[in-house]
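One structure is given here, and the rest of the page talks about it.
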Amino acid sequence: MLVIRASSLRLGLLQSFSESAPRGCLPLYCRGPQPTFASLPPFFRNSSLPAPVHPRQPRWMHWPARTPTFMYGVPVRPPAPDGLEHPMKTYKLNTPTGSTGGLDFDRDLNQEQRQVVKAGSGPLLVIAGAGTGKTHTLTYRVAALVARGVPPENILLLTFTNRAARAMTTRASALITSDVTRLWGGTFHSVANRILRENAPLLGYPKDYTIIDGEDAKTLMKACIADAGVGHLDRKLPRASMLTRLLSTTLNTGASLADALFERYPYFAHLHEPIAAILNLYQARKKEMGLMDFDDLLANWYRLLIEHPEVRQRYAARFEHILVDEYQDTNHLQGAIVDLMASVHGNLMVVGDDCQSIYAFRGADYRNILEFPERYPDARQFRLETNYRSTPQILELANRSIRHNVHQFQKTLRAHRPRGPLPAHVHLRDANQQAAFVCQRILELVDEGYELDNIAVLYRSHHHSLELQLEMTRCEIPFIVRSGLRFFEQAHIKDALSYLRFLYNPLDELAFLRLVRQWHGIGQKRAQQIWMFLSAQDDALAAVDHPDLIASLGGRARNSWARASQLLTRMRGQRLATTPDQLLLTLLQSDFKDHIHSVYDQADNRLADLEQLANYAAQYETLDHLLGEITLLSGISGQEIGVGESHDDHFVCLSSVHQAKGLEWGAVFTLWVSDAEFPHQSASMDSAQLEEERRLFYVATTRARDELYLCHPLIKTTRDRTPVVLRESPFIDELRHEDAALPWEDWKIEA
């Protein structure tokens, strides 16, 4: 039965509705007679007589008697044709009663999950291995708490994405008849904002404070750099974006500025005092203007709980139960906030996997989860070990690898799925053969029925994917790069290539303006001044060290351009006598490194990318050949070319392992599983870092559902063009020495 608000319809549409159900009932309602009805033919074989007319609208009495008619505000149902009565069906809406509705623990949960969901009060630590249904279990836990009578507004669910919180809340609402939307759920930052909106004046902020995003924070930081009075320094200060990240590190980890500089940015450690002055000014400016950035939300939430015990008591008493997802990824500050919020009831459930703690570089502190039993001696521990994602063979490899970590909660993932093929450990000559193998095997998998978006290629570092990106482009295999921009689209790669472009074509104004602004003290205005001088000369490249040009500059710009011109003159002399890779090595041995350190976070990784660029350039004899190939490859998007009849949204995923956490694919290739590559060479002398690298390897292996390929190139070309033989990854070597069958099969390649 269709109920229509007739006053909103045109005659033609109303006629269509009427004709679509000639034997049914078409109730219409309106708040008064509508002229449309006067011209309606009798679509029903029997229709009601006109209803009594409202006294204010006497025209109704003159309309045709057989027009479908309506009581004032109430539809009139005409009698059924041929005298047959159609029974009226009653539909009852459920009202919230707090019943368990659709909760069926035995049907929907395994034994491990049921124990978690039905656990009583007190601190609870849930170690949830990869693919064990962690989100499913958390959802049922929320639903079970509400069904047991806990008001949703007294539950706090902390996640790392608002989408995850909404998804769990929505699913929990579908399981029970209560309204779960009143639950406090969201990211740490969203919950912090909600609490601070009620209490900001206690910290000296207005209630209507403004939250600024990353771009606004950079703009304000730039202003503070200019106003702090430290511009006389000879060495270039860190960029605004790097200073905001530095401040974020100190706030979220509890480290002092000196320690954060030494640990994360040793290149700037000697600039501690001017950097401190800039950051102090930045913090003061924000408070004066009623602004908070994302890090302030957490820092001020913590301040509120520490400095105002009555507020802490109020909120801690409100939340009878607190649940924290992905607890292994929380930082020091978030861990402290959680402990304070649970200080009254103590009903704290934290869910995570210490073996998937891989974000130390972002400030995550896996000690939060490892030391949870020490902070809560009466905590009960649960383990989710039934894996619904991967085959037993893949899990055997992952389990045996992660057992070599000393600092962890011991667990063994058990496969719910049937057996599959053994993982493949593939021995390859070098990066080029690795790329050729991956592309050929991807095409074979497509022929076997795999969709492209069910295949992923993972790597430890972004530069590991360079040769593969080029080979996939040549083979017309569509791909997306989840870990960021494509290799040649990255800013630091473009910075280096701008030197080669200017050497090749001194009339390339865009290349020159990009390279000249990399030098300390030269902004847009100075860059244009220098270009105007050079472009007026017969040979712009030959004139870079012209005395008149250098004399026209002042202060820091003169000193910087003097060094820049020396570098360009040296590279100009090498241009015809050396290969492109040698030009890049000259650049990497110059002050260009200062630019990389001062502008880019994780500068060592950026320099590794540039070394990989030099290795790639070694196969080209001339600049024009190299630059032409790069331009062509950059202009062809892997997203615009396809394999066979692939759909537009089907691409192979290229991703760093860090970006792949939480995802899964049918077939996974892991690149550069070689010593000093995966694990990273910096981990060789640091046991804690080596354990994090092994956790990263564990995450990589457990992304695969059916097929896993571990690629080991045997030869790597170093910066000075020397080929170096790479040993197997320690993560492979340590398993070879176990007294058990290998959890993989070795493949060798026939070229």
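Every residue, even glycine, has its Cβ placed from backbone N, Cα and C.
Here is what TrEMBL records for this protein:
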- 107-391: domain 'UvrD-like helicase ATP-binding' (DOMAIN)
- Ala128, Gly129, Ala130, Gly131, Thr132, Gly133, Lys134, Thr135: ATP binding site (BINDING)
- 392-662: domain 'UvrD-like helicase C-terminal' (DOMAIN)
Practice prompt. Could you work out which of the binding-site residues (Thr132, Thr135) has its C-beta surrounded by the smallest number of other C-beta atoms within 10 A?
Written response: Thr135
Worksheet item: Far apart in sequence but close in space: which same-chain residues, 6 or more away, have a Cβ under 8 Å from Gly129 (ATP binding site)?
Response: Asp353, Cys355, Arg383, Leu384, Glu385, Asn387, Lys411, Leu413
Discussion item. Using the Cβ center of Ala128, Gly129, Ala130, Gly131, Thr132, Gly133, Lys134, Thr135 as the ATP site position, which other residues in that chain lie within 8 Å, going by their Cβ?
Written reply: Thr137, Asp353, Leu384, Asn387, Tyr388
Item to complete: Identify which of the binding-site residues Ala128, Ala130 has its Cβ surrounded by the largest number of other Cβ atoms within 10 Å, counting every protein chain shown.
Response: Ala128
Worksheet item: Can you tell me the three-state DSSP label for Thr135 (ATP binding site)?
Response: helix
Worksheet item: What does DSSP call Ala130 (ATP binding site) in the simple three-state scheme?
Response: coil
Response to the item:
CB neighbours within 10 A of Lys134 (ATP binding site), counting all protein chains shown, number 22
Worksheet, complete the sentence: Averaged over the domain 'UvrD-like helicase ATP-binding' (107-391), the pLDDT of the predicted model comes to 90
Discussion item. My understanding is the cutoff is Cβ-Cβ under 8 Å with a sequence separation of 6 or more in the same chain; which residues meet that for Gly133 (ATP binding site)?
Written reply: Asn110, Gln113, Leu384, Thr386, Tyr388
